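Novice: So TrEMBL lists these for the protein:
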DOMAIN    21-314  domain 'G-protein coupled receptors family 2 profile 2'
REGION    370-389  region 'Disordered'
TRANSMEM  25-48  transmembrane segment
TRANSMEM  60-83  transmembrane segment
TRANSMEM  123-142  transmembrane segment
TRANSMEM  154-176  transmembrane segment
TRANSMEM  211-230  transmembrane segment
TRANSMEM  251-270  transmembrane segment
TRANSMEM  290-313  transmembrane segment
Amino acid sequence: MKIDDFEVISDKAPSVTSQIGTPEIVLTGTSSVLSIAGAIIIFATYRFVPKEYNFTRKLLVYLTIADFITAVGNLVGVSRYVYVYWTKTFYRNCLTNVTDSNPDNSLPALCSVQSFFTTASNLASFLWTFVIAFHLWATVILKITLTSRRIAHVIYHVVCWGIPIAIVCSVVSNLGEDYCYGTGVWCGLKSDGDTHKLKQLMYRADVGWQLTSYVTSCFFYLHIIFFLFLHKRSLQDASNSQLRKEDRNYLLVWFVLYALKLWGVIRFYLTLYLDPTTLNKNTTQKFMGILLILQSYGASGQAFWNCVLFCFCDETVRRKMWRCRAVPVEANAAIANENTPLLVDTEGQIEQASATNEQTQASATNEQTLMNAGNETKQKGSINSQNGF
């Protein structure tokens, strides 16, 4: 038993179709599972590795929460798609939004709920990526710590969670199943055959925020990279030794976002703005199929690749993971502070403090020994005087 292709007939031309088949389903499901596992690893390392307990890492955790919701939602979307379209092929006209044979049980309520969470979490992911970029830029370039204060923390949450929820609530009537323009096997925004309406919805609740995040994050990260290059400094030197060698991976967060999420934007623009003749070409269809495959994997993959960057490629975290040494954060709360703007070599401070304590104890022991020896000498002198010697 296999999953047949779900063919979508576009209003561009009768022969223009978009097929969603087994490869896209497998890639989306695999990417979602990997990202869920990666998110759990990021949460665990933040909780049990004291060196990672700081404000910048906390921002990464918030980004991972958004990506975790996206991965879970897309996994639910894959499961629903397989359940509804198992061993069936449907043809849908995007102009009239009519399917030739509607499934008996398409689970529309589940589709709407999944679309609500994944649309909001995608917007939150773009915003948290921007916040991390702005925070690093302010710390490295401007050398200020205002972005790590409590009031900034509150503003980040209001913006990064409040705006997505408000936007999704404003388009809640347009959430659902629509495989006509730039979507994968998950539910998203439905157009009801109106391309002008779909453009407005996508710019308001998806593509517009995505492109804004691309441009602004790219500016901040490239400015940091050029600043370090022109001044011939490393990231650690530029931040007054607040960053470790591994923390240069933060400069790759924007690249991960680009490499994973850009394919859906390209596919959206090509589907909406190319003329029917161009879309009908075999080369265009093959290219669109490649974009769909890349989008199917990338839509859920950000948490997994962030885990690769900040866990597997981080020597400190990797060493802790291999040794399975779970050290509670509270044990070193005085040293590893959540308000620390960037990562600090807390283990070195702990070791230095430990060595200093040992030296202090040794000095005190030596002083006590000398005092005892002096008292014994005085007592012997007093006894000798009493005996007439």
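Cβ from N, Cα, C; glycine included.
Heads up, TrEMBL stuff is auto-annotated, nobody curated it.
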Novice: Other than its close neighbours in sequence, what residues sit by the transmembrane segment (154-176), given a CB gap under 8 Å and a spacing of at least six beyond its ends?
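Specialist: The answer is 59, 62, 66, 108, 111-112, 115-116, 119-124, 127-128, 131, 187-192, 197, 201, 204-205, 209.
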Novice: Which one of these stretches, 25-48, 123-142, 211-230, 251-270, has the most C-beta pairs shorter than 8 Å to the transmembrane segment (290-313)?
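Specialist: Out of the listed stretches, 25-48 contacts the transmembrane segment (290-313) most.
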Novice: Which one of these stretches, 25-48, 60-83, 123-142, has the most C-beta pairs shorter than 8 Å to the transmembrane segment (251-270)?
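Specialist: Looking only at 25-48, 60-83, 123-142, the most contacts with the transmembrane segment (251-270) come from 123-142.
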Novice: Against the transmembrane segment (123-142), which of these stretches has the most C-beta pairs under 8 Å: 25-48, 60-83, 211-230?
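Specialist: Maximum Cβ contact count belongs to 211-230.
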Novice: Do any residues of this chain, six or more beyond the ends of the transmembrane segment (25-48), have a C-beta under 8 angstroms from a C-beta of it, and if so which?
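Specialist: Contacts of the transmembrane segment (25-48) (Cβ under 8 Å, skipping residues fewer than 6 from its ends): 3, 57-58, 60-61, 64-65, 67-68, 70-72, 74-75, 77-78, 81-82, 184-186, 293, 296-308, 310-311, 317, 320-321, 326-329.
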Novice: Over the domain 'G-protein coupled receptors family 2 profile 2' (21-314), what is the model's average pLDDT?
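Specialist: Across the domain 'G-protein coupled receptors family 2 profile 2' (21-314), the average pLDDT comes out at 83.
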